[in-house]
Structure formats: C-alpha cells, structure tokens
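Novice: According to TrEMBL:
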type	residues	note
DOMAIN	111-341	domain 'Peptidase M1 membrane alanine aminopeptidase'
BINDING	183, 187, 209	Zn(2+) binding site
SITE	274	site 'Transition state stabilizer'
DOMAIN	417-724	domain 'ERAP1-like C-terminal'
C-alpha cells in the first residue's frame, strides 16, 4: 500500500479547502494520522510523532510537521509508505532518498544520492542563493504519471527516473537520472522556477519549466562532465520541438483569458512549454552571454523570493543588467526581443541569398497545405551567429522582414561559404540559395569536420524539414547525404536515418522499387561507422559505456543495416542470438538487444522462435526484456509462425490480456504481418472486442492506414468496421484512412523522385 499526492496544477482543492491559485501563498501546518507500520512524509520535517486510539481501540500514529515556509498550494505534498531510505547531508541540508526496501538494499538509488547534493550546491553557487529548507526528500514511486514533481522539500519521481542498477554502467541511464534530478532541483534550490519565486498565473508556466529545463542541462553536465551536453540538448530538446512547433501550435505565453478553466491548464504541460521554453532560454543566454544572464537571474531572485512574478519582471531585470555594461549591445529592448519569441506562435525560417547578402525571414509553415487566404506576417528579432569559410563572425541581428548584410556577399570562389545559426544557438531554421547549398555540399564531401558537429546535424535536419514543407525539392536534401561515408557521429546518422527511413515506413518501403537503390546507396556510406561499432560489439562492448549516443542511437543504425540486408549485420545478430540460446545466462548487450533478438528470430527457423517464446515465459525475465521478446517474436519471416503467435496471444492462460493487443500491434507493422494481423482481427473480432473494445480496432486500422493507396482498399476495410463500429467512430476512421491515402499517394510521388535521384547517383 502506498499513498502519494500530486497537486499541480489544480488538485490541492480536492485534498483540502483552499484558494488554489499559484499567486495566493500561505504557510501550512500539516498533520497526518496513519497506520503505525507506515511512515508519513511531507514538505517539512516531522516535529512530533504520537499515538492515538480510535473508538474501536485500534492504535494510530499521528505525525505532525513543522510549519512550512510561505508557498503555493500546488507545492504542498505528502507520502505515506513503508519505504526505507539512504541519506547524506550537504551544507546542512539533510537529503534522503526513499524507495522500496529491496531497491534501497540493492543500491539502486545510490547514484541519485551521489549526485543530488553536488547539483544542489552547484545551483546555489551559480545563482548565489541558499536553499531555505532544512531537509529534502526524494521519493521513488513504482508508478507515477510524470517524470518528477518538484514539491518543495518532498520531490516525487517515478522509479525509472531515480533508479540505476549498480551493474548498469551505462551513461544513458545515468544521464537520464541526472537530467530529471537536475530539473526538479532547479525548481527547488530556488530558481524562480517555481518554489521561491512563482509565476503569477499558469499562463507563465513556461518560465517555470523552461528555466528548469535549461538548468537541468547545466546541472547534469556538472555531475557528468563526460556528457556531450550541447549535442544532447539539440538532439533531445531543440530538434524535436522544432518539428512539433508549427503554425497550428500555440505561443509560449498565452493571455490569461485564453486559458481559463482547468481543462486547458493540463494541456500547458507539453513540449512547447518545456522544450521551446528551454530552447528560447538557451538562445537568450547565448546572445546575452551566460555571465550577464546569470547576473540578471540572481538579482531577479533576490527581489521576488517568496512572492510572484511574471515574464515582464524578468525582462526588466535583464534590461537593468544590460544597461549597466557596454560589452553586449542589443538592437532593441529585451522585452521587445523576447516578446517576439514568446507571444507569437511558431518560429521563423531565414533565407540567405549569397549574391546580394540579403537575409529575409518568414514564419515556417507547411506550403503543401497552405490555403491562399492564410497570411503569416509575424516577424521576429533574430540573433544570428554565423561563420564564413570556417571562421566565426561577430553576432548580428535581423530585426525586420529582410535586410542586406554586405559582409555576407561572397566571391566567385567555390571555397567561399557561409553558415548561419552556428551550433543551432537560435530557435529557427535556415534556408540557403542554391549557390551556397552547392558549396556546402562540396565542403561536406571534402572536409566534413570544417562544419561543427551540431551545425552538420542542423544543416541536414533543416533541409529535410524544408523539403517536407515544400520549400526545397527532395533532391537538394539528398545531395547533402553524399558525404555520409565520412560521417562518424551517431547522432547525425540517427537523424538522417529517421528522415530517410521513418520507423513507421519500414514495412511499406520494403515493397517499393526505391528499396534496392536505397540499399546500395546507404550501405556503401554506412559501412565505415557500422564496422567501427560492430567491432566493439564483437570484442569489447564495455568500451562503449561512456559513449552516450551509442547507447541511445546504435540500435537504429544496426536495425537499419539489418533491414537493408547487410550480411554482416544479419550474421552478427544470428551469432549473438545463438550464443544466448546455448547459454541462457549470457546477456546480449543491452544497447542492441532488441535488434539482435528481432533478426535472430527473422533469419532463424521455428527453433529460434520457440526459444524466444520459452524465454518470454520464464518468470524471472525483466520487464524490458519481455517487451523486447514480444517485439522480436513478431519479426518471424514465416507466415505460419506469425499466425501461431497471434493464436497464442488469444489463449487467455498464457498472457495477461493486455498483451494480445501489443502482439497484434507489433505484427501489423511488419511487411508480411499486416495482412495476417488484419485477417486475424476480423476472424476473431467477437472474442477480441470483449477484451479490448474499439480501442484495439482503432489502433489496427491506423496501422493498416500505412498500406492504403486506393479507394478500393479503404472500402475493403470499411466493410468490416461499418459492421462493428458506431456511426461517429466510423466517420472518424474513414477520415483517418482518407488522409492516410492522400499521404501515401504524396509519399509515392516523393519516392519516385528519390528513386530517380538514386539511380543517377548510386554509383558515385
């Protein structure tokens, strides 16, 4: 049994009567009556534990906590559990980490304990504030909706965010723990993000979370200096949110009137708030310099501690710091610059013309589905970091829709090139004219390292995004992939592969004439990086323990090599899988376990499949291994094995019921599996619908949508779901399939272009 609370944003009112608004701060006296065999925790230390008898004569424990500091209702919290803890004191602040007894005994929270104190001290020193509470508890719950919650003095996490098996030397798990812990401590130690200084109302939530996300990366790098922080930040934060933040999205800071009613409050806790907030904070810190940024934050914290503030208060403090020095010159008041990023939705794309040296900006939107009536006339005040021929240039600004920069006009020489938004320091995309694109493509082929890693990542990601939104033809993006045989950064490869072979398209691409061309073109370029990592996997996989990106992205590289039919990759998977079959104690390296099991089953026969089934039914297999095996068994290349697998899924005794839908959803995405899964679902619908209702059908139809190209195919699916679904659901699915069909037709056109480009270039 376990009780824990989560009050943010508006649930405190369900626990006790209160004015549940972030601006209404109070001190709290909390007392909890509970079963004597449990311990009660709250924001403050316990000052008294006594016993009472109820009317039946049973004994209860009453725990009374010290009066809290002045704080918002959403930060009050309590946990009643039978956990144990490890503890350490840092600068007089007692830090305890609570978790299930066996997890504590096995040392699973030691890593978190080792980093919490140092991150605290680091944040206090950077921001020049001191933590006002005498103790901090971090509690790991087996099940929790968020990654972590910053209740003051009693932070709550899901186990995965706080636990690390001592045997797992892997940096990626530690990195994740370091990031989540730094994020929540960022709220704690002070940061106006949240506890010491709170936003006036939820429409400024981004300040809270955006700043915590920014400090999360600084804190994590402080305790794990080997992490390639800037690359991780761009790959995990900036790049994904640029993909999401298009013309439909909301702006960061909405007006209060727009967000009344708590339904839309929950929707504020999204990637725009966290990731765009962090990206814009990063950009701000970049053009101010970190020194001035921290100086402004410090003065801001001093003035507003224990009260409320909004974003304009922060801009005022930054302005004061900027006015008091003369190194950093801004083209406009801080508020005006920042409002252009926080109060407008979307972001700009900058287009550079090399001959004239002109840069113009427009809102980045999807030109393929633009209605002629839409007008986007937003402009931003854009900081531009740039380099020419490999040397960095002074920061410059674009503060209107277009502007000429004489220093950006280039000569006839093809060695004269320009790169904008170096290291992705600004939150926008860049489009170049053909002349510069040619020069950059040439440069990549001759000397890729002349362009910094993060800039190579961004150059290629930008051009694929520009292609998808109809700004440039797909051929222009493909030209930039020619150099890849010389690319040794996994995080760049990962982004290229996600663009060329999206996860959800593997099965459809297999049947297209582009596949053999892609195979020849890509494998030729993948071999160097593939052999580099395959060598480690065969000889010394532990040597990769500090290679963060190998742990996050090696799997995709390997899976792609196997998918393209690289013999060495298939052999490697068979070897390692066979090694595991011979000795079930052997552990396939975790970084690539999913791919190895999948292809071990795929190239094997029913023997390999049966072994996976047997291991799955082993009671002591870890949960993540179960997921891997469920997936691997759907990789079989024989129809009868897949059919039998689906049948196994149906028979209740073998599976707890929710696995049936997992099995179906794995099988339906496979090239030979989608027909089999569809027939299986239609044949067994009466059984399946009792267990799963329509959610399952919805998911299966969505997956089938990848394969529909004609109205006849849609009608075939319709015959079935017209008989099984309610009218409103039928309409929704029909719309879903219609748009899938249009997408597939568009994609076919695109694939034909890719195929004809590859035909011309495959032998280069």
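Keep in mind that glycine also has a Cβ here, set from the backbone N, Cα and C atoms.
Since we're looking at a predicted model, the values are computed, not measured.
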Novice: Mind giving me a neighbour count for residue 183 (Zn(2+) binding site)? Other Cβ atoms within 10 Å of its Cβ, every protein chain shown.
Specialist: 26
Novice: Measuring Cα to Cα, tell me the gap between residue 274 (site 'Transition state stabilizer') and residue 209 (Zn(2+) binding site) in whole angstrom.
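Specialist: Rounded to the nearest whole number, the Cα-Cα distance is 5 Å.
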Novice: Got a sec? Which of these recorded positions, 209, 274, has the most Cβ atoms within 10 Å?
Specialist: 209
